[in-house]
Amino acid sequence: MKIGIIGAMEPEVAHLIAAMTNASSQTIAGIEFIAGTLAGKDVVVTRSGIGKVAASIATTLLIEKYAPDAVINTGSAGGFVDSLSIGDIVISSEVRHHDVDVTAFGYEIGQMAQQPAAFIPAPYLVEAANKAIKQLGEVKAIEGLICTGDSFICDPVRTKTMLEHFPTMAACEMEGAAIAQVCHQFGVPFVVIRSLSDNANNDSPVDFDSYIVKAGYHSALMVMLLLEQLDPNSVK
């Protein structure tokens, strides 16, 4: 079993890379891919860069060059659930674009033309994540809708509009749906694991800078615990 792990920023992958053994590195199109062992599994970890285009490029290269059995997207997100605090975790129940609108042609808001409205993670990866939750201690984790767009959300007016479009949204970020869409195209199972760095409000820029390291650590810890729960025979 080989697992691809994608984070956008250095704090989102640093703890994973530090915990790897037998690591080797290759750079393709300016993106570093580090192959090795983590939590007893063969993994390839990469820092994609921020945003949907960067994430799509990294995911495509990862799948084409390394042929992972599954892909995990890790990192930070803005939170939309009152019961969650900064540092808590959202596991994707589904992933959608929040900044796509081709409704004029009969598609749902957030649905890219010729694509599903929502990208659904592999049940066995979500199951492994839920098992890992029990080992997180004081960190709270839930399953929920994660939405993606090429904007850092810190405007209450925009937050209100997003919640009108996606009332069950638990978190938003800038890469997950792009990674999910590429995985969908290639038929590769995926899951998105995000730790909250802010609450998508006026304080978000300050909160993000203050808490990105904490969010990156919690998300990385969750990924490592998830890897420990994975049964090589469960890949499907």
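A Cβ is built for glycine as well, from the same backbone N, Cα and C atoms used for every other residue.
Taken from Swiss-Prot as is:
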- E12: active site, proton acceptor (ACT_SITE)
- G78, I153, M174, E175: substrate binding site (BINDING)
- D198: active site, proton donor (ACT_SITE)
Rounded inter-Cα distance in Å - I153 (substrate binding site), the residue listed as 'active site, proton acceptor': 19
Sorted by sequence, non-G78, I153, M174, E175 residues with Cβ within 8 Å of centre, substrate: A77, T148, G149, S151, F152, C172, E173
C-alpha spacing of E12 (active site, proton acceptor) relative to M174 (substrate binding site), in angstrom: 13
DSSP-derived class (H/G/I helix, E/B strand, else coil) of G78 (substrate binding site): strand
Alpha-carbon spacing, E12 (active site, proton acceptor) to G78 (substrate binding site), which is rounded to whole Å: 14
All-chain count of other Cβ atoms within 10 Å of E175 (substrate binding site): 31
Secondary structure of the residue listed as 'active site, proton acceptor' (DSSP, helix/strand/coil): helix
